[in-house]
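Asker: I'd like to ask some things about the structure below.
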Amino acid sequence: MRAWVDIEMDNLLFNLKKVKAKVPNAEIMGVVKADAYSLGSLEIAKELVNNGVTILAVASLDEAMELRNAGITQEILVLGILLDEEIKQAAQNDIQITVGNFKQIEYIEKNNIGIGIHIKIDTGMGRLGFTPEKGEEVVKYCLNKNLHIMGIYSHLSDADEFNDEADRHTREQISKFEKFDKYKDKVKYLHILNSGGILRFNDGYVGNLVRPGICMYGMLGYERVQELKRVFSVKTKVLSIKTAGEDTRISYGRKGIIKKGETYATIGMGYADGLKKTLSHKSYVLIAEEKCPIIGEICMDMCMVKIPNTLKDKISLGDEVVVLRDDIIEDMEIEHRCACDILTGIGKRIYRVYKRNGQPYLINR
Ligand SMILES: *Cc1c(COP(=O)(O)O)cnc(C)c1O
């Protein structure tokens, strides 16, 4: 294998248990959109469902169908907005949908579609859903018309922002959502907490469902969560090792410099694999747990890294290189640092290696 991501399933389950302990009265909706943040939605979904997760969430009908077609029978919610024909197809496949505008309700009524809906309330994310006031009307309307409301939910915009203003906003969002508590007996699920909400705003939670995504992989924002364990390590191999005979310019645009006598390696991962070009000169890789800075522009399939003196005499062709991991993401010197962004960028060429007890039990792409 040229490049792969190790996925530690034991640690995923450890993190899932921690999540449950934070909100003991709530059930879990496992968010496996974007191919489970690139770690493989089918394998991750199976693992979650086998370990007590009540319902799964994805972004689109395609993602939901992928799980259904693979034999997953668990409840599934599409977090995005489906329109017209897609709503019919969702109903035929017992997939629950998000309702964020009245057109969808009209369509469901007109075509007499039996489908589980989750009414989306915009409490301050500014993305999808009804204002809390309008939302109440919609909930009452749907209850009256006997539409099948499975849930009422909202989404937090600032739960992983770590500042007072953001925290104030989060509390305000949660308090707006709490007004829907009165429908608890009429709908199955009330949910607002994402990873940041679960880890930081779980106190007195009125909902009965939470939606963890990135925290299952041990991270929040771009930081590691101390009490959680590492789940993913993206790796490749050393393909070339050179010691510069003179000061040498490196890669496209020749922006990298290796001084005479310094050693550098070329490794088998580039931006087409998810090592974003914006990380050129702004991140490092680990060889034998030693930091090797990325030098020069990252290429499509490869990049160059500087080998520290302490590693010079130990490094060989084929050595394992850790390219993306929780601690490396934490140290990236880029704007808009975001663990989800980096993770979901992991490319199709990367093999997914699922491990238990440190041993691989499944390898696929
Ligand atoms: C992606 C998403 C989540 C999960 O977010 P994390 O921050 O990864 O926990 C939860 N709810 C909605 C609506 C989402 O879009």
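Every residue, even glycine, has its Cβ placed from backbone N, Cα and C.
A TrEMBL annotation is a machine prediction, not a hand-curated record.
So TrEMBL says this about it:
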- Lys33: N6-(pyridoxal phosphate)lysine (MOD_RES)
- Lys33: active site, proton acceptor (ACT_SITE)
- Arg127, Met300: substrate binding site (BINDING)
- 231-355: domain 'Alanine racemase C-terminal' (DOMAIN)
- Tyr252: active site, proton acceptor (ACT_SITE)
Asker: What residue among the recorded positions Lys33, Arg127 has the most other CB atoms lying within 10 A of its CB?
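Answerer: Counting Cβ neighbours within 10 Å, the top one is Lys33.
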Asker: Relative to the Cβ of Tyr252 (active site, proton acceptor), which residues of the same chain, six or more apart in sequence, are found under 8 Å away?
Answerer: Gly296, Glu297, Cys299
Asker: If I take the alpha carbons of Arg127 (substrate binding site) and the residue listed as 'N6-(pyridoxal phosphate)lysine', what is the distance between them in whole Å?
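Answerer: Taking the Cα atoms only, Arg127 (substrate binding site) lies 17 Å from the residue listed as 'N6-(pyridoxal phosphate)lysine'.
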Asker: Measuring Cβ to any atom of ligand 1 with a strict under-6 Å cutoff, which of the recorded positions Arg127, Tyr252, Met300 qualify?
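Answerer: The recorded positions passing the 6 Å Cβ test: none.
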Asker: How many helix, strand and coil residues does the domain 'Alanine racemase C-terminal' (231-355) contain under DSSP?
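Answerer: In the domain 'Alanine racemase C-terminal' (231-355), the DSSP-based counts are 24 helix, 49 strand, 52 coil.
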Asker: How long is the line from the C-alpha of Lys33 (N6-(pyridoxal phosphate)lysine) to the C-alpha of Met300 (substrate binding site), rounded to the nearest angstrom?
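Answerer: Lys33 (N6-(pyridoxal phosphate)lysine) and Met300 (substrate binding site) have their Cα atoms 26 Å apart.
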Asker: Averaged across the domain 'Alanine racemase C-terminal' (231-355), what pLDDT does the model get? Just tell me the whole number, please.
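Answerer: The answer is 98, the mean pLDDT of the model over that range.
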Asker: Sort out the sequence-distant neighbours of Met300 (substrate binding site) for me: same chain, 6+ apart, CB within less than 8 Å of its CB, listed by position.
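Answerer: Same-chain residues close to Met300 (substrate binding site) (Cβ under 8 Å, separated by 6 or more) are Gly270, Tyr271, Ala272.
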